[in-house]
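Beneath this line is the structure, given in structure tokens, with notes to follow.
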Amino acid sequence: MWLLLLLLSGLSRLGGLSEPQTEGTREKLHVQVTVPEKIRSITSEGYETQVTYSLKIEGKTYILNLMQKAFLPPNFRVYSYDSTGIMRPLEQKFQNICYFQGYIEGYPNSMVIVSTCTGLRGVLQFGNVSYGIEPLESSSGFEHVIYQVEPKKGDTLLYAEKDMDLRDPQYKIRSIKPQRTVSHYLEIHIVVEKQMFEHIGADTAVVTQKIFQLIGLTNAIFAPFNLTVILSSLEFWMDENKISTTGDANKLLYRFLKWKQSYLVLRPHDMAFLLVYRDTTDYVGATYQGKMCDKNYAGGVALHPKAVTLESLAIILVQLLSLSMGVAYDDVNTCQCGVPICVMNPEALHSSGVRSFSNCSMEDFSKFIVSQSSHCLQNQPHLQPSYKMAVCGNGELEEGEVCDCGQEGCDDKPPPCCNPTTCQLSEGSTCSTGSCCDASCNLKAKGELCRPANQECDVTEYCNGTSEVCEEDFFVQDGHPCAEQKWICINGTCQSGAQQCRDLFGTDADYGTKECYSELNSKSDISGSCGITPTGYKDCAPNDRMCGKLICIYQSEDILKMRSAIVIYANISGQICISLEYPPGHKESKKMCVRDGTVCGSGKVCLNQECVEDTFLNYDCTPEKCNHHGVCNNKKHCHCEPTYLPPDCKNTEDTWPGGSVDSGNQQRAESIPARSYVASAYRSKSARWPFFLIIPFYVVILVLIGMLVKVYSQRKKWRMDDFSSEEQFESESESKD
């Protein structure tokens, strides 16, 4: 059973999210005024990418070295709902060029996360102390207020020790270096419920900026993982909540995931988070462990108690995200991080200053990132800084625009879906473009085909009824047999050797025989090899010859003429075998070689001109998994034949056109279990009965059972005695007679 992770709060005495001096939430703070001075700046295309500031704190000068950190995509939108309940994007403009993170010169364990949009606003973290900085609004100069943030310790533990999901005490700890050569990206959608929206500002611009600060802090903490958290979109429930936000975090997470799967289809995102405000709460968060990239479980709930700092809220979010990547809580006796408090230590919520991931967390992340469960972190979103003003009517969808059909394009559909002067939806329209938007500017019904399968390794997608955009383009899982079991599917294409030959030489060509490959690819010259190195042609090992240069059979009498290439002919065993040779460095040179994923033997495929075992494809879709009536898609979900229903193609429905839980025509809310059980971590001690209280209960039950047995036995004995007495009496009477 998957683990549902809950974070116990105990945060009733932490500082408020936005107020620098909330009564009773912090130690006495010394607020001072400082004037930051910009001393260096590096620009690119008209905007700053690196900047250095000098400022004084308590009379001492510190140097802040900052680098621009983008986390907003160009199509970032903030959504809310109008009076009719229809979700609309808010007309706000956001800058993606003024968010920076860096360090304090001379302090290796320091961290700075600030926005420079309107002055400096953010957090400065030393080893064990944090400072908040923000512009002094009443000042005509560049004055800022700076104050020390010192959250008090909570009166209670953050977790019940018996419930804590710590790693095995025998867990082997190794020193893991961050994988800085590989970048990872996580796209999240954040929903702010009504009370949370009112608590942190009650204004769309103010709340949006605070969420930006939250993501900035989160990204700074995740820097050792080389992970960038992208805020793909933001949603405000300003008038009413779309789901009930009462109850414990377990049930709230279930409701949110159910709502997410039915209604949250805005744009591609990997995880969705619901931020909920409560005066007091036993828990501060919930998520599923290790399920970050599972669409059905990729979500979390963060409960924001009345008194909590922005720093602590960022730690809550980071811990939830880490848990969803399978990163466990630290054993403080064996895990180290170089700073007083590590990120995955529950006490991190109570501390100030820099918090880093421990060696244990780094190893957990390293294991997760090489597993199939991390596939959603591999795609890189476009993060071009949005510093240009949007121009309505230029035909480009820019920041703040819902649609832009150009100078003449708005007349294509009667009536026009897009207002050409505002680049917003026209009155009465619910969509403008996309394959799931009909001619009357309304969303197509759920289940209408929007992307047919283009070949046997592709699958169909349908409109989901809530978005004008067709579902993500899914395809058959890599490794599935195709072309009459001769080849396999790779990235949605049947990797057929015969088709490679036809693509290169025309319809008169076919895939070469083993004799052709063995003969030509053993020569290590222009006619055949396993690639080219700086020293010449690469030799093919006998087992790799089917993966070297592409060798085809040619069945026409016409002479082949290829532009910029030499065609090599060879008569081998009565077959005309041909290959191709481009000049070194030619843009088409890859076509000379057999493609990766081409079958080269039983259970083997080509990879980098070598014939290797196909186990690296991780193909595990047996016919039994989909009950012989479907195939697995690239999410490893069954895509069922017509009339057979997902998720396992076992049940049937006559009108079902086929598909999977990802196709857009399936009610995916059913995939969430009706009940989730808290298996570990952060459960209140008062929520369960101690064992010593249960023992007397069982003793009483046993005593009652014993008494009932004794009474029953006694009554039975009395009946036997009465029966014996009556028999004796009757016997005596008969003898007298």
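Just so you know, glycine gets a Cβ as well, placed from its N, Cα and C.
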Per Swiss-Prot, cysteine bonded by disulfide to C293 (from C342, C360, C376): C376
Residue carrying phosphoserine as stated in Swiss-Prot, selected out of S663, S731: S731
Disulfide-linked residue for C626, taking Swiss-Prot as the record, within C621, C632, C638: C638
Residue among C418, C423, C431, C470 that, according to Swiss-Prot, closes a disulfide with C450: C470
Per Swiss-Prot, cysteine bonded by disulfide to C621 (from C606, C632): C632
C342, C360 - which one Swiss-Prot pairs with C337 by disulfide: C342
Reduced DSSP assignment, N571 (N-linked glycosylation site): strand
Intrachain residues whose Cβ lies under 8 Å of the domain 'EGF-like' (617-650), provided they are six or more past its termini: 295, 372, 459, 474-480, 488, 492, 605, 656-663, 666, 671
Spatial neighbour of C632 (disulfide bond) that is closest, considering only the recorded positions C293, C335, N464 and their CA atoms: C293
Rounded distance in angstrom between the Cα atoms of C638 (disulfide bond) and C470 (disulfide bond): 19
When distances run from the Cα of N464 (N-linked glycosylation site) to each of the recorded positions N226, C335, N571, C621, the nearest one: C621
PLDDT averaged over every residue in the domain 'Disintegrin' (389-478): 82
Subset of recorded positions (C335, C337, C450, N571, C621) lying within 10 A of N359 (N-linked glycosylation site), CA to CA, in sequence order: C335, C337
Candidate with the highest Cβ count within 10 Å, taken from the glycosylation sites N359, N491: N359
